[in-house]
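J.: Supplied in structure tokens, the structure appears directly below.
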Amino acid sequence: MEKVSAYTRPSAWVLEPEASTFAPNSKWSNKDMDPVPPKGRTWSTFNYIAYWVSDATNVAAWELASSMLAIGLSWRQALPAIAVGHIIISIVMVLNGTVGARLHVSFPVLNRSSFGFWFSYFSVVSRVVLAMFWFGIQTYTGSECVYQMLKAIWPSLARMHNGLAPGAHITTSGMMCYLLYWLIQFPLMLVSPQKIRWLFMVKAFVVPPAWLAIMIWAFVKVPSNTGLFEQHSALSGSTMSYAWLSALNSALGLYSTLAVNIPDFTRYAKNERAQYVQLLIIPVAFTLVGFMGIAVTSAGMVLYGDVLWDPLQLIDRWDNRAAAFFASLSFVLATLGTNISANSLSAANDMTVLFPRYINIRRGQVICAILGGWALCPWEILASAQGFLSFMNGYTVFLGPFAGIMVADYWIVHKGKVDVPSMYRPHGRYRYTGGFNWRAVAAILLSVPPNLPGLISSINPKIKVGGAIKIFDFAWLFGFSVALVVYSTLSLLFPAKETFIPEAITSDDHGIDTPASEKSSHWEKRSVEEDVKVVV
């Protein structure tokens with residue numbers, strides 16, 4: 001009992017300080033927060049290709065065109081919107097990704113240089129909550145894939161007795177499949193970020209061929225000149241323009257979170273050139289998957305008489321049980337890779353910054369698996385909280401400004417000359433005013449509120465906001481552009497002089513395996529010297 005009771009004390013869970021720490025003490029950092037040492041920089045160009053092919057093959061990307069066709073665009077207009085949206089997001093991805101590859105630090109740490117040490121926690125906390133909600137929802141999607149796999153083997157599963165109350169919003173078979181998927185997913189969440197790249201490589205080799213086979217089946221079954229391919233847009237003039245901008249915003253919003261936290265992955269790059277391939281692979285992969293979604297849905301429309309944008313609903317109509325099993329297996333693998341990369345790893349990275357003494361990436365993923373997977377009850381959210389889902393989809397009103405401020409601070413304001421050690425010090429040069437960079441606060445206040453009326457209307461359509469909703473149609477672009485211009489202008493007109501240094505100070509400037517005391521002394525000396533130069 002004494003051994004068990006020992007684990008109930010907070011001190012038992014304190015992480016051991018690392019000799020390589022980059023903070024004054026273990027209260028402010030741990031091994032997973034520190035800049036990645038050379039031996040941990042293992043991601044090559046091929047790994048980033050596999051990563052994005054893996055991420056593009058997910059149910060949300062498959063269904064992306066549905067929102068565009070639903071508002072009246074034709075497929076000829078929808079595909080360019082997907083392509084242009086992902087070209088834009090890939091540029092932002094590489095700009096922010098290069099920072100991670102150069103400095104080898106994660107998004108929550110990097111964000112302190114632009115937002116201020118304490119204001120950065122606003123973006124971190126909000127993203128933790130968002131990532132855990134989406135983790136639960138994606139886990140539920142994965143459980144539906146497991147259901148289709150098991151039903152293909154045992155068709156009687158569809159007639160399984162439901163012992164749960166109708167108000168539970170999930171059946172006995174649904175709960176069983178949810179538990180199975182969660183158990184499959186959980187061990188993969190314990191794999192380190194350096195090694196999880198192999199999951200993305202497996203997914204990149206397995207899922208695209210499976211989806212290509214589904215598309216070939218669609219073209220064999222139904223000629224390409226029927227179904228959705230016959231649809232022409234009924235929109236014209238300004239109505240069509242705003243509809244296209246809304247479609248573009250949907251494409252931007254799909255991975256707007258990763259455009260902000262891509263340093264969480266590029267920090268493991270062998271060199272900054274390794275991640276440049278994102279400029280090409282992101283628009284190509286996502287546009288192809290969007291086309292697959294349109295082609296297969298078009299075939300389903302002719303064969304079954306319904307517009308089945310959800311591929312699992314389409315698979316449910318198949319008579320070929322073997323085909324249904326392997327197709328569902330590909331969607332299980334697709335959901336696994338996406339949920340870990342876009343949600344659980346993101347949440348875990350953020351939690352390490354919130355509680356560095358107690359939480360590393362592995363513990364953060366365990367917390368995400370429990371809270372996001374079970375405590376939030378995603379089946380309840382999907383059944384009864386459409387307004388809340390609309391809010392989460394509309395979160396791009398914040399993510400666009402976050403990305404704009406990050407790009408402006410590193411590339412325009414400081415021109416790459418930043419002080420990595422100070423990002424770990426609460427009283428370092430990035431403290432600004434009480435831990436808040438008022439320029440970032442101003443950029444948020446000027447870029448977010450204009451989109452709020454449209455966000456409110458999307459949550460509750462009964463609330464009419466007039467022409468203000470048109471800004472919400474291109475919320476990400478508006479927020480990104482306004483925040484970038486406002487932050488750059490204020491930072492150049494009213495510079496925070498203590499943050500300007502003649503050259504970058506990075507973790508590679510001093511031996512990364514040097515003891516913490518020597519390292520802190522070395523960097524503190526350099527930081528003081530740079531402060532003196534700025535004053536002079």
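Note: Cβ is positioned from N, Cα and C throughout, glycine not excepted.
Below are the features listed in TrEMBL for this protein:
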TRANSMEM  78-103  transmembrane segment
TRANSMEM  115-137  transmembrane segment
TRANSMEM  164-184  transmembrane segment
TRANSMEM  196-220  transmembrane segment
TRANSMEM  240-258  transmembrane segment
TRANSMEM  279-304  transmembrane segment
TRANSMEM  324-345  transmembrane segment
TRANSMEM  366-389  transmembrane segment
TRANSMEM  395-413  transmembrane segment
TRANSMEM  434-454  transmembrane segment
TRANSMEM  474-494  transmembrane segment
J.: I'd like to know if the transmembrane segment (324-345) touches the transmembrane segment (395-413) in this structure, counting it as a touch only when three or more C-beta pairs sit under 8 Å and are separated by 6 or more positions.
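T.: In this chain the transmembrane segment (395-413) does not contact the transmembrane segment (324-345) - fewer than 3 Cβ pairs sit under 8 Å.
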J.: Count, for each of 164-184, 196-220, 324-345, 434-454, 474-494, the Cβ pairs lying under 8 Å from the transmembrane segment (115-137), and report the range with the highest count.
T.: 434-454
J.: Which residues, given as numbers and ranges, are at least 6 beyond the ends of the transmembrane segment (164-184) yet have a Cβ under 8 Å from it?
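T.: Long-range Cβ neighbours of the transmembrane segment (164-184): 139-140, 142-147, 150, 157-158, 332, 336, 369, 373-374, 379-380, 382-384.
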